[in-house]
Amino acid sequence: MMNILKKHSGQILTSVFVAVLGVFCGVVPYFAMAKIVEYIAEGNKNFAIYKTPVLIILCGLLGSVIFHEISTLTSHNLAFRIIEDERKKLARKISRLSMGEVEKRSSGEWTQFMVETLDKMERPIAHVIPEVIANLIIPVVLVIIIFILDWRIGLANLATIPIGMLFSFLMMAGYEEKSRNYQRAAKNMNTTAVEYIRGIQVIKAFNKSASSYGKFVDAVNKNKDGMLNWYLSVCFYMTAAMETFPSTLLFVLPVSLFLYMKGGISVGDLIMCVLLSYASYKPLIKVMSHMDTMANVRVVIDEIRSVMDLPELERGKDIQKISSYDINFENVGFGYNSEKRVFDNLSFNAAEKQLTAIVGYSGGGKSTIAKLIAGYWNVDQGKICIGGVNVKDISIEQNMDLVTYVSQENYLFRKSILENMRFAKPDASIEEIEEACKKASCHDFIMSLPDGYNTVIGEAGSSLSGGERQRVTIARALLKDSPIVLLDEATAYSDPDNEAEIQKSIDALVQNKTVIMIAHRLSTIINANKIIVLADGRIEAEGTHSELLNTSKTYAKMWASHISVYKMAEAK
């Protein structure tokens, strides 16, 4: 937190200084009130004499409001800017993580972290820092003034501090751990809620509403128990501390009256000391109200640090000069974890501006190859080269520009089709977008939508059919126009009605590109320049379609199965 705040020290100091002025203005009326009470005690009925202290009271109250608002505006502006910067920084960090690190947390957990956890930084920055500092400075000043008026009353004024501090320390014992437990329960509840809503269609389809709802209710109950246990563990000590600090009058008033009756102080000093004694501890109550926020700061900072400390993909920093776009796997080994190896010593070449297809049974590592080229993971051994350059030496940004990855589950944002298209090319003109969509055979159906290209589609493109969604993602890839295209089961959502349309859009996409195509419909890759048959993480055979029918039993069997399924579909 200190590293974050150092960058904005000027604005923080301004906010604190103005907050101190605001608190001081709030204390000034006590001096004026003491003077008014003194005049009344003396029986002074001259109305004119009261004008000045009354004016001081009004100015003090007005100044308190004005300075408080200025301080609040300054600190909130700073808080929102810091949160904005941290969100951007964390988004950049997440983009540099391997998919393994990203997938360790559910989408609900990431949502909770990026939204609610970071929002918790607002209160410490906007309120705690200026208000706590200001409300600690003023009591010190007032206590010094009381000591100047009479040191004996000053000592009496401090009598409740040891007791109040004792209750405060007892309250803070284990406070951070209790806060963590509560935050953990709250995070689990929020994550469960997000997953419940996002999965409601599947939950209903499989009649799991009761069990899924039960999980959410269990998370809600745990959150309630965590919050209640936390509150019950601190409420007594917090109440005791908040009541003890202002109880200085129990000591100050008797001592002040005794000294007044003995002639040790004037009535004016008596009234002044009593009022300042009360005023000196009022700010401390404000400080106490921020105790839970101060305890939560550490939790939030630890969560941010836990993400920022995650290992990033091993990638270069500088732009590499790449003159060709062939892809080479050289003795590559990879596993999602130590127990699940996908392949070892995998080597092959995908020639520039040619279509290399990878086929095989499920679980053989086909999609993993595409994801490694796309830069989603680090390889465990060997190297992957693009144009002779190790991908580890290519920056993430350059790799993103070089490669377009089209999978069966490409994501469309809950925005207009136009905005979704511009994720590929932010400055694309409407003419360029329409041209890409025409090539992808999706322009006509887009124009039939209520608002055409400005139609807002549902989250993940849920308002479009699978085939329509796939053609839009292919159009987006066309607009990006990168030299390398990875097609991972890109025709998975096609049916007899739209298979030809999707295939036509793919044909437009792959022209003059280096293409790696993962396919389960072998009819889509019979014209590939090279087909690699992958089985259990190793290359069983390579060649063209006609060559493999004669040399690979696995491929011949897969082709026979494909023809059989196709004939059955035609018969229906």
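In case you wondered, yes, glycine gets a Cβ from its N, Cα and C as well.
What TrEMBL says about a protein is an automatic prediction, not a curated fact.
Going by TrEMBL, these are the annotated features:
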TRANSMEM  12-32  transmembrane segment
DOMAIN    13-296  domain 'ABC transmembrane type-1'
TRANSMEM  47-67  transmembrane segment
TRANSMEM  128-149  transmembrane segment
TRANSMEM  155-175  transmembrane segment
TRANSMEM  230-253  transmembrane segment
TRANSMEM  259-281  transmembrane segment
DOMAIN    327-561  domain 'ABC transporter'
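Of the ranges 12-32, 47-67, 128-149, 230-253, 259-281, the one with the most Cβ pairs under 8 Å to the transmembrane segment (155-175) is 230-253. Contact between the transmembrane segment (12-32) and the transmembrane segment (230-253) is absent: fewer than three CB pairs lie under 8 Å, with pairs separated by 6 or more positions in sequence. Nonlocal intrachain contacts for the transmembrane segment (47-67), taken as residues 6+ away from its ends with a CB within less than 8 angstroms of a stretch CB, comprise 18-19, 21-23, 25-29, 31-33, 35-36, 39. Packing against the transmembrane segment (128-149) from elsewhere in the chain are residues 5, 12, 15-16, 18-20, 22-24, 27, 71-72, 74-75, 157-158, 265, 269, 272-273, 276-277, 279-281, 283-284, 286-287, 290, 293-294, 297: each is 6 or more residues past its ends and has a CB under 8 Å from a CB in it.
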